[in-house]
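First the structure, in the form of structure tokens, and then the observations on it.
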Amino acid sequence: SVREDKTTQYVITKTKHHNKYLITISPNKFVLLITSGMLSTSVSVTSRLLYRGLGSIPAPLYDDSIIEPLGFPSNDNLHRSRNGVRVFDLLEGNGATALRCLYNMLLKECTVSKRVDQGKTVHAHVAKSLFRCEVVMNNTLLNMYAKCGSLEEARKVFDEMPQRDFVTWTTLISGYSQHGQPIDALVLFIQMLRDGFIPNEFTLSSVVKAAAAAEPRGCCGQQLHGFCLKCGYDLNVHVGSSLLDMYTRYGLMDDAQLVFDALESRNDVSWNVLIAGHARRCGTEKALELFQRMLREGFRPSHFSYSSIFGACSSTGFLEQGKWVHAYMIKSGEKLVAFAGNTLIDMYAKSGSIHDARKIFDRLAKRDVVSWNSLLTAYAQHGFGREAVCLFEEMRKAEITPNEISFLSVLTACSHSGLLDEGWHYFELMKRDGIVPKAWHYVTIVDLLGRSGDLDRALRFIREMPIEPTAAIWKALLNACRMHKNVELGAYAAEHVFELDPDDPGPHVILYNIYASGGRWNDAARVRKKMKESGVKKEPACSWVEIENAIHMFVANDERHPQREEISRKWEEIYAKIKDLGYVPDTSHVVVHVDQQEREVNLQYHSEKIALAFALLNTPPGSTIHIKKNIRVCGDCHSAIKLVSKVVEREIIVRDTNRFHHFRDGTCSCGDYW
């Protein structure tokens, strides 16, 4: 295509080469080849100026992949460029003025490459041109600033526009909505209506998105839904997808489903929004159901779809379902990019398959800091301290700058593995790297000192911290006191926790156990009375296993399962074998004041032991057993499962609220501290 302006004496020709333009300024003088790199940089020059007396002979097009200076060193060329956008110097030097299409080309390039400084230069030229009052040109400027996140500049352009149309309003509303200023978007929308402009589907989708971000759950979004209904846009796929996102963020999944079912047409965005909404709300089964329905209706999953499903399986430990989706992703020919790959690492790690998580990390096409952090966190959760330290050093050698999450992960890994010297080293390194430690970094150091048994040093560390100790910091000290049976310091730490977080039942239970295990039943009774008066209730313990895509859940003394008799016989068989290896029931973990024999009986019917017996009955010999528990594993069950792993010659992986325990050959990866 050729555009010509006889008054300015230059021609813009779009070449056969992708995204390349040829500008001829006076046929006998200059020829400029412009590509997507036409804006000047401080590194190289990609535009090519050919000094030739051409007459009527067209200038040859050169291969623009070879970067060369414009006939003189690039630094000198940049120095000679007064305005930072070289083409304006050339035009002005030859007495030519820019056409609208040239401004549009330059502003589009600024928008795509997010180069707002050069965009401001173009804006300055537009302000002196014949197009300064045109609505379309000002909308293009407004869009450039909004897409680049320069909302103050965008608002300035908006306020100075002599005329506006609905595109003007929609552009700024979208900018506010997409860059974390939802209140400004809602206020501007009201002004738009007052000025008599009628919104379209793009305006409404941006406003609904702003409403979802502006309030956790309120009437504003529902009022906007009613407005969309009156305007006839409620069935539009763009508006409908925003409404879906709004209702899922509000937690109103039934309303979201109604919106989804009513849509006249659906695209991959609407499917992804609903799947992601269920995934965020731990609705893994529903998310998987929607994913399968999406496939049946002929939609191709995107990386967002896979990421949501892997995240859902990760939160619930649905390993088999996650493997099925992963297999489908491979068969579909999808590349393992960081976005979906990071959640896949997390899924395998939280499902207990730490080695599979490492394989995924090694196969990622490209790794970002989140990829490294995902595997570091996985090693920390599984207590693989040495592996985490090696990975952290590998990360630094790869010139990936660790952030506060990276340091938190390696510190947690050191804490879970008892690597005291390494933990202190990384804590000091973090401060040298300019990262200010947060409360959770201090928690890991208190836990690290507590594991080593140096409780006095841990208390001194808390008192000397530059921040006010949080409930989590005192909980770490309380847990250390439980492990080392320090009753007095445990009571001191517990009082601080009660003051900072009175609604958490965990510390009350830990203190009760400390008193009960020490035989101080009067003090234990006082803690229980305080819990009752405060309305704090202990969360009932339950354990579950996944076998053949079905979840089997158990509670203590569970008599509801169809296989209860076989489970009881299996545990009695295992119990006899581990007693021969030296197992002695630790009745200090029975917090009810009853006689010794009854305590021993109560211990044998904890939920994790029932789940283990069930798994032994229903899984092939030699396979790994995965058990999840909603609270911390009890000490007696921990001792028993260690011996069971030796008796049955199988690896048993137990995931509780604190970490993963890998039981193998009579030992546990936690080193008996958790």
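The backbone N, Cα and C atoms fix where each Cβ goes, glycine too.
Now, the feature entries from TrEMBL:
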- 582-674: domain 'DYW' (DOMAIN)
- 134-164: repeat 'PPR' (REPEAT)
- 165-199: repeat 'PPR' (REPEAT)
- 267-301: repeat 'PPR' (REPEAT)
- 368-402: repeat 'PPR' (REPEAT)
- 403-437: repeat 'PPR' (REPEAT)
- 504-538: repeat 'PPR' (REPEAT)
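Here the repeat 'PPR' (368-402) has Cβ contacts under 8 Å with residues 338, 341-342, 345-346, 348-350, 354, 357-358, 361, 409-410, 412-414, 416-419, 422, 426, 433, 659-662, 669-671 of the same chain, all six or more residues outside its ends. In the predicted model, residues of the repeat 'PPR' (134-164) average a pLDDT of 92.
With a threshold of 8 Å between CB atoms, the same-chain residues lying at least 6 positions outside the repeat 'PPR' (403-437) that come near it are 369, 372-373, 376-377, 379-381, 383-389, 392, 395, 444-445, 447-449, 451-452, 659, 670-671, 673-674. Here the repeat 'PPR' (267-301) has long-range neighbours at 237, 240-241, 244-245, 247-249, 251, 253, 256-257, 260, 308-309, 311-313, 315-316, 318, 321, 325, 328-329, 332, meaning same-chain residues at least 6 beyond its ends whose C-beta is under 8 angstroms from one of its own.
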